[in-house]
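Everything below concerns the one structure shown next.
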Amino acid sequence: MMYKIVSIPGDGIGPEVVAGALDVLNAVAKKHGFEVSVEEHLFGGASYDVHGSMLTDETLEACKNCDAVLLGAVGGYKWENLPHDKKPEAALLKIRKELGLFANLRPARVYDALVASSTLKTEVVQGTDFMVFRELTGGIYFGQPRGYDETRGWNTMVYERYEVERIARLAFEYAQKRGNAKVTSIDKANVLEVSQFWRNIVHEVHQDFPEIELVDMYVDNAAMQVVRNPKQFEVIVTSNLFGDILSDISGMITGSLGMLPSASIGSEHALYEPIHGSAPDIAGQNKANPIATIASVAMMFENSFNRPEVAADIYAAIEGALAAGFRTGDIAAAGEAISSTTEMTAAIVARI
């Protein structure tokens, strides 16, 4: 079995954390007896400096013709003053659109060794492990009309039936794989007609999955419940705006953005990346936490390659390294020894 992966390290700490993730990828390939082909391309500011474009046709074509894309990070101070449509973030939106990535998956998983790193009490967060499915291409971020003038501003939240159906179906299918995990659909159906539509469609899709429990929850209550009792959630499915906010709230339960992977999924393509930024202030200093990018590789094996046993090995190796006391600066408590990017990577590879 050969997996064809496109690596786009990007900017800032991106090349460092992607290098660590590829070390882990090679380790699991050797253990499980499959081959990987990794093709590297420039993206973001790194591409702009060489080609005058944040996303070249060559890079985009490579991403369309691989099994999965692994992204490091994009952006930085150097490119902040470029026109909006030339910035790295615009290139990220373009690649998501071109690849048809309609679902963003963000896990909220608290590792036992890092329970104390959360700002919440241990008894509240210990055992937390849920997945947020955020619709990525519809909703208020893309609806028309939109704009503002001197007296008012306006945006439009719109969802098509197919957009709600496909994200709901993806969430229910994932819940099946997790032993018929409970699905919580989050909306604002008490005041928004588009949320009433969302709820109706989710319930229609649920009829194909009668063995799965479905719970409806208003977004304001959900924000409170994620902090009050995060263990009640197993799978969350929600719209673009609500998912944008809730996934960040959920992520901080874990204690550091450096721990959090993500996946953007489409019908034919998928892109995996850490949720942290490019952190130009520590770039090139061997200080970055590679765990989010390494865990993104685990998500790749779960979702794109249907190899949960490979993903489980990666998660276990991460847990083992943390249990052994390895800590990068972002997750180290006062007085704890700080590991470099390469030291943390080596500790995880050794436990594959």
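Note: Cβ is positioned from N, Cα and C throughout, glycine not excepted.
What you see is a predicted model, and the numbers here were worked out from it, not measured in a lab.
The DSSP secondary structure for A279 (NAD(+) binding site) is coil. The NAD(+) binding site feature in Swiss-Prot is assigned to 76-89, 277-289.
The feature substrate binding site is assigned by Swiss-Prot to R96, R106, R134, D220. All protein chains included, R106 (substrate binding site) registers 24 other Cβ atoms within 10 Å of its own Cβ. DSSP classifies R106 (substrate binding site) as strand under the three-state reduction.
Taken from Swiss-Prot, the feature site 'Important for catalysis' applies to Y141 (among others), supported by sequence analysis. For Y141 (site 'Important for catalysis'), the count of additional Cβ atoms within 10 Å of its Cβ stands at 16 [all protein chains shown].
Here K188 (site 'Important for catalysis') comes close to S195, Y218, V219, D220, F242: these same-chain residues lie at least six apart in sequence, with C-beta atoms under 8 angstroms from its C-beta. Taken from Swiss-Prot, the feature site 'Important for catalysis' covers K188 (among others), and the record attributes it to sequence analysis.
The Mg(2+) binding site feature in Swiss-Prot is assigned to D220, D244, D248. DSSP assigns D220 (substrate binding site) to a helical segment in the three-state reduction. For D220 (substrate binding site), other Cβ atoms within 10 Å of its Cβ number 12.
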Could you check the binding-site residues H84, R96, R134, K287 and say which one's CB has the fewest neighbouring CB atoms inside 10 Å?
H84
Looking at the binding-site residues listed here (P88, D244, A279), whose Cα lies nearest to that of R134 (substrate binding site)?
D244
Could you state the CA-to-CA distance between D244 (Mg(2+) binding site) and A279 (NAD(+) binding site) to the nearest Å?
20
Show me the subset of H84, P88, D248 whose Cα is within 10 Å of R106 (substrate binding site); these are the binding-site residues I mean.
D248
